[in-house]
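**Student:** Feature list, courtesy of TrEMBL:
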ACT_SITE  GLU79  active site, proton donor/acceptor
ACT_SITE  CYS111  active site, acyl-thioester intermediate
ACT_SITE  HIS233  active site, proton donor/acceptor
BINDING   TYR143, LYS242, ASN275  (3S)-3-hydroxy-3-methylglutaryl-CoA binding site
DOMAIN    3-164  domain 'Hydroxymethylglutaryl-coenzyme A synthase N-terminal'
DOMAIN    257-352  domain 'Hydroxymethylglutaryl-coenzyme A synthase C-terminal'
Amino acid sequence: MAVGIDKLGFYTPSLALDLVELAKARGDEPDKYTIGIGQSVQTVVPNYEDVVTMGVNAAKEILTEDDLAKIEMLIFATESGIDNSKSAAVFAQELLGLSPFIRTIEMKQACYAGTYGLMQAKDFVTLHPDKKVLVIAGDIARYGLKTPGEVTQGAGAIAMVVSADPAIATINDDSVYMSRDVADFWRPVDSTTALVDGHLSTDVYKEMFLTLWQRYQEQTGHELADFAGFAFHLPYTKMGKKALDQIMDQADNQQQAFLREQLTASQVYNRQVGNLYTGSVYLALLSLLQQGQLTDGQRLGVFSYGSGAEAELFSLELVPGFDKAVAGQDVLAQLAQRQNVSVAEYEAIFQSQLFDSSKNQESDAPDGTGLCQFVGWQDGQRRYRFS
Ligand code: HMG
């Protein structure tokens, strides 16, 4: 039975920072950011957004009454969760109006957890084909002002409905995966920003992709020519190129040119948003599905990497009519509608986050947006609303 991604929704907050302006403010060459790293704009997170609001807003884009009735599990993948005990999934269940008779859980392993959630969802639906699973992968990538990671910040969430007979893509049973204890990126529980050995992280990412590509080929017999494109985890868009370049010599010139075009298509949205950690690889997938040259039945590779480190490589097969199934959301329009902020405004917003639960504080949530918002702290509890 075919099980896979039936729906794919995306949400990112409404503020944006031009990275040419950030480069000038930091005394860097703009080309380093836009070409060397491959990022043009990053989403800026106002203090009324968090992983719950972003995940709920992404899921609201795609859920129908039928989905609400059939979803029996909500998996929330995040590494920037809002509570050390209670899962973001429980907040999201209530806000989305899902049934009380479902399983809810939060998962963490850096940027990888969304893929674990997707595989769990696939296994569950394979056993229960009349049920659906909602997988949300959302994060705020926050490194700190004036750090090397600052240019790769970003935020957003992806929501995926996994079902039998999916409308977008079947998840093939061909995953290869690996885990190894590496200190390339981490965030201690008392820190609101990530710690990172950026160059080591890039090297481990590349090495794990190459190792898993070789293992994938050994186990499946597939070659590069069998793929119509790849969705890579994109902490910054250049990372996908660094990974793919390692295996490009396995393709002829025509196939190489085609794969490069498809890679560019997969980078369009991430280049405008920045890193959204767990959701990044699935934003790259959405970008490839909407901006790439694809036809029914083609095979796509998905490479998921989470620092620390864990990685997985698997393939998807495009279902007839997938293009119509992903056409509903105009991501480029959504990104264009964001309000640009200056570097000074971004720095003020960065410092305005409400991390202190001991004070009753209200966020700057505006009225009338129709979106889910974090309203603030009350007696140590987080409060949400639809404005
Ligand atoms: P950096 O040291 O500031 O930059 O940090 P650099 O000196 O390495 O330069 C970057 C690139 O710009 C280089 O190209 C330069 O040549 C080029 P490369 O050699 O890499 O191809 N460059 C220029 N190009 C054009 N014109 C110029 C110019 N100047 C330089 N004038 C780094 C860069 C990415 C390390 C930093 O931003 C960082 O630490 N970022 C965060 C960590 C990260 O994103 N790591 C990626 C892999 S790990 C991962 O994906 C997991 C993660 O998502 C977390 C998770 O799993 O939860 C991060």
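Think of each number as a place in line: the chain as shown, counted from 1.
Cβ atoms are placed via backbone N, Cα and C, with glycine included.
Curation does not apply to TrEMBL; its annotations are automatic.
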**Student:** What's the CA to CA span in angstrom from GLU79 (active site, proton donor/acceptor) over to TYR143 ((3S)-3-hydroxy-3-methylglutaryl-CoA binding site)?
**Tutor:** 13
**Student:** I need the CA-to-CA distance for the residue listed as 'active site, acyl-thioester intermediate' versus LYS242 ((3S)-3-hydroxy-3-methylglutaryl-CoA binding site), whole Å please.
**Tutor:** 18
**Student:** Looking at Cβ-Cβ distances, which residues of the chain lie under 8 angstroms from TYR143 ((3S)-3-hydroxy-3-methylglutaryl-CoA binding site) while being 6 or more apart from it?
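**Tutor:** Result: GLY149, GLU150, THR152, GLN153, THR193, ALA194, VAL196.
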**Student:** Give the helix, strand or coil assignment DSSP yields for LYS242 ((3S)-3-hydroxy-3-methylglutaryl-CoA binding site).
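**Tutor:** Its secondary structure by DSSP: helix.
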**Student:** Looking only at TYR143, LYS242, ASN275, which the record lists for (3S)-3-hydroxy-3-methylglutaryl-CoA, tell me the maximum pairwise CA distance in angstrom.
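**Tutor:** So the binding residues stretch over 22 Å, Cα to Cα.
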**Student:** DSSP-wise, what's the residue breakdown of the domain 'Hydroxymethylglutaryl-coenzyme A synthase C-terminal' (257-352) into helix, strand and coil?
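**Tutor:** DSSP composition of the domain 'Hydroxymethylglutaryl-coenzyme A synthase C-terminal' (257-352): 51 helix, 19 strand, 26 coil.
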**Student:** If you count, for each of the recorded positions HIS233, LYS242, the other Cβ atoms lying within 10 Å of its Cβ, which residue has the minimum?
**Tutor:** LYS242
